[in-house]
Amino acid sequence: MGAVLPGDFKIKAAKLRGEPSEGMLCSFSELGVSDDHDGIIELPADAPVGTDIREYLQLDDNAIEISVTPNRADCLGIIGVARDVGVLNQQALNVPDMTPVAATIDATLPIRVSAPQACPRYLGRVVKGINVKAPSPLWLREKLRRCGIRSIDAVVDITNYVLMELGQPMHAFDLNRISGGINVRMASEGETITLLDGNEAKLQADTLVIADEQKALAMGGIFGGEYSGVNEETQDVLLECAFFSPLAITGRARRHGLHTDASHRYERGVDPALQYQAMERATRLLLDICGGQAGPVIDVTHEGELPQRATITLRREKLDRLIGHVVPSAQVSDILRRLGCEVTEQGDDWQAVAPSWRFDMEIEEDLVEEVARVYGYNNIPDVPVRADLVMTRHREADLTLKRVKTLLVDHGFQEAITYSFVDPKVQALLHPNEEALILPSPISVEMSAMRLSLWTGLLSAVVYNQNRQQTRLRLFESGLRFVPDSSADLGIRQDVMLAGVIAGHTHDEHWDLARKPVDFYDLKGDLESVLELTGKLSDIQFKAEANPALHPGQSAAIYLHGERIGFIGVVHPELERKLDLNGRTVVFELEWDKVASRVVPQAREISRFRQTVVISPFWWLKTCRQKIFWRSVRKLAQIR
């Protein structure tokens, strides 16, 4: 009694169901430890009574959140982070016990890998007679809780623990739900599977699945299936530990609206030599916690399909030039070996074989970066950069984007910089008949396509600002568009574009000005001012031409010398509705390279002779006849 819980809740004597109560059994949420309120905390029987709960659960420790960049997938496990900390501090890595667990039964299962390029290595192990209802130890549940993972059951907790500790995803199948054996294959087009979360996924032919003789049991490297998942009745399991190729996993999870811990790691690359250690680690934990008997490890490996460790030559000249400082040779060798490389010294150069867990070590510059990082950027002295000043010749015919931007700013525009990655759904509305480049590993689904024009980003910026009570918008942007073109380098044509958009009212609110919405001619005037800078305005033609993004009666294609260089017009009303644009929106876009040069006015020498005016007698006679005619008409009118 007397303890005070979070929320200023004081425990005091009370009666529950007529019985006196002088204490309270608490859940983690009631103690303010986590949001888990599934039930009271169950402590081991040997937990010392009277010990401070914070001390017993080690709640006074510190949690460090690490942002891991995509190139350092080796640090998506505690052992990888510890390895890198050891390298920086010249300390040996304290590796957990991963000694092989001897098989006590001969139980195996047929395993076949029909897609070796997607799955070069697949390990399986049968463990029989486990007690799936055995509670996970408190230390295990606590470590998972601090990693943001909720405890489910002992088997799942163990695979999750190995995932967080080593960075190796694992999965456990209910052995009695597997028909025949395991076949790692590509899915059939339209094949379906019910996932562990109860949702049904319709698979495409490029999705890797773990299947038995009858059906798909799991999406390889992404998510397990409900049918073969471990449940309260499970007694025998098949532990799975595999290396899946990043290219076989990338994008498949997002296709189904998923982002799992497993797919996050496999997309970036898992150490292809880690599977044996992870299998032994998980087996030992499973036997210690759930009991049972383990069979031998079933190993199906296609060595030729596994990623090869890169052999890289590091030259002393290149190292010194890129770092700008001489790192002693002995220290360079020591750094490379501490990083896990196999190093051979060749005079002033080094040949290093990258460790299996470092997918990002591929070229010489990668080794230079690692040497500089471990050596310490603070240990590299600051040296002023010496460079020759190169004066470039400026031609009068050159027209820079800077000059055009200045003009647009003078006309009240603001420059916007949007992403080159856009939402394919929005882009399809603007360019329904054009094919875009889809990224294999996008930042998000909404940024998975390369832009075909600058309109996608600018219109999104308009919507964003209108949602924040901005009633007058004038934006412009210059940048690249990316158009698939088989005749271009790498199959992509990159064009420099200049685009603008206006929306809302023509003027800011003013007591002496009537507010009217923008129209086609407001933006056309601004565009003509830009074209006037080029000296080609007289050669520009505005022709009526259909564009699916623009109003058919308030738009035009822009032509220069018979070649189309852009479009201008009011956004199509149906598109305004779908994009949630507020009111009339007018846009333009130009291919900048086609108008980037300026027509220079040509000067001619003035004639040295005086101007001579010649009056033609024929013109004089004609004029006289007209005067006589009108004089006669007036006389006749007076007679009448």
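We count from 1, first residue shown onward.
Here the Cβ of each residue, glycine as well, is placed from N, Cα and C on the backbone.
Please treat TrEMBL annotations as automatic predictions, because they have not gone through curation.
Keep in mind the model is a prediction, meaning the values are calculated, not measured.
What TrEMBL records for this protein:
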DOMAIN    1-54  domain 'TRNA-binding'
DOMAIN    307-382  domain 'B5'
BINDING   Asp360, Asp366, Glu369, Glu370  Mg(2+) binding site
Spatial neighbours, same chain, of Glu370 (Mg(2+) binding site) - Cβ under 8 Å, 6+ residues apart: Ile335, Leu336, Leu339, Met361
Listed in sequence order, residues with CB under 8 A of Asp366 (Mg(2+) binding site) and six or more positions away: Ile312, Asp360
Residues in the domain 'B5' (307-382) grouped by DSSP into helix, strand and remaining coil: 33 helix, 14 strand, 29 coil
Near-site residues: Mg(2+), ref Asp360, Asp366, Glu369, Glu370, CB cutoff 8 A to centroid: Arg358, Met361, Glu365, Leu367, Val368, Arg373
Cβ-based isolation winner (fewest other Cβ atoms within 10 Å) among the binding-site residues Asp360, Glu369: Glu369
Mean per-residue pLDDT computed across the domain 'B5' (307-382): 94
